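J.: Okay, handing you the structure first.
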Amino acid sequence: MSVEFRSECDDIEEAKSPSNTSVAAVAVKNADASVYKIIHGYLKQKNNSIIRVAANVARKAASNKLSRKTSDVFDTLLQQQQSKLENKTGPLISGICYCIASCSMILLNKVVLSSYNFDAGISLMLYQNFISVVILLMLELFHVITTEELTWKLIKVWIPVNLIFIGMLVTGMYSLKYINVAMVTILKNMTNIITALGEIYIFRKGQNKKVWAALFLMVVSAVCGGITDLSFHLIGYTWQILNCFLTAGYSLTLRRLMDTAKQSTKSGSLNEVSMVLLNNALSIPFAVVLVVIFNEWEYVCQAEVIREPMFWVVATASGLLGLAISFSSVWFLHQTGPTTYSLVGSLNKIPISVAGILLFNVPVSVENFCSIVFGLFAGIFFAKAKMS
């Protein structure tokens, strides 16, 4: 018997052994492009023994399979660690961003309107909304965000919401000009009372006893705060009362028309970014008309303050922060939930009030300070009552 024939027989016997049979089965099971490449390589080397080729291929495939399994295990562990890290840091970072944006927006608007004595709230709103629209369009251009296409059908449905939105922004600007930040924050609690009454009338939705108790405490704090306010300004309080009604009306109208608005889009949905773009874009033509009607354009052209570069820096920053609030609130709400979002929103009024008093040297009596603190805790109690 020749040496070559004996070698072939040995290879056959080797392949028939249980260990090589299982290896060959693995090779068949995992027959893919890599296996065929290996076979082709062995044949090119004139390694003509089919059994030897199969055995070598099987060993190679088994080794590759083991390495793939090891790699998959490490990938899974890495993804789990990244997920745990995001779950821990996501709510914290998003919450901090939301609080910073919210506090800074109110304080910067106060600086523009009071410290610079800028008496054109509608023009300021127009500038801020214009900045928001430009940034949103740029983000959409670079595919960072996606928004719904603005159709006439959607615009007609959204106009009532947008008109209330404009009124809410304008009244908020003028109230902030005449009233200190802390009292604006307390008086805004009155919005919750109007909203609760509107929910009963429009949506037939009742509230529990804890909610009504919290609302009563808000009324008490607002009345006491107004009586003890050393810098009381009737015009400012009038603007703020109007702002409370318009803010509640915006919330209720938005909820009522949301389903109709979604049906008016091509995709059948309307995300938060699309609503931000829709509100800011539609408000621009209406704001231009109001600027002309109230003759603000003449005041703006003659105002000395618009020639100060720092004024434009602060005004632009407040516009950017307005957009940042929209994004950070959506991010924070996604990371946590409505309950945590509502509670943090109430707690956020505390640093805003303290910063407003300290930064603008607001004269505060002991009685007025107690009313403010009482109103802040009434807001927290309201948020907790809504959870139950």
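Numbering starts at 1 and runs along the chain as it is shown here.
Yeah, the Cβs are placed from backbone N, Cα and C, and that goes for glycine too.
Note that TrEMBL annotation is computational and uncurated.
Sharing the features that TrEMBL gives for it:
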| type | residues | note |
| --- | --- | --- |
| DOMAIN | 100-375 | domain 'Sugar phosphate transporter' |
| TRANSMEM | 92-113 | transmembrane segment |
| TRANSMEM | 125-145 | transmembrane segment |
| TRANSMEM | 157-176 | transmembrane segment |
| TRANSMEM | 182-203 | transmembrane segment |
| TRANSMEM | 210-228 | transmembrane segment |
| TRANSMEM | 273-294 | transmembrane segment |
| TRANSMEM | 310-333 | transmembrane segment |
| TRANSMEM | 366-383 | transmembrane segment |
J.: Are there three or more C-beta pairs under 8 angstroms joining the transmembrane segment (157-176) and the transmembrane segment (273-294), sequence spacing 6 or more?
T.: yes
J.: Should anything in the same chain at least six residues away from the transmembrane segment (366-383) have a Cβ under 8 Å from its Cβ atoms, list it; otherwise answer none.
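T.: For the transmembrane segment (366-383), the far contacts come to 182-183, 185-186, 189, 192, 210-211, 213-215, 217-218, 220-222, 224-225, 228-230, 342-343, 345-347, 349-350, 353.
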J.: Same chain only, please: residues at least 6 beyond the ends of the transmembrane segment (125-145) with a C-beta under 8 Å from a C-beta of the stretch. Say none if there are none.
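T.: Non-local partners: 166, 169-170, 173, 273, 276-277, 280-281, 283-284, 287-288, 291, 315-316, 318-320, 322-323.
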J.: Which stretch from 92-113, 157-176, 182-203, 210-228 shares the most C-beta pairs under 8 Å with the transmembrane segment (310-333)?
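T.: Of the candidates 92-113, 157-176, 182-203, 210-228, 92-113 scores highest.
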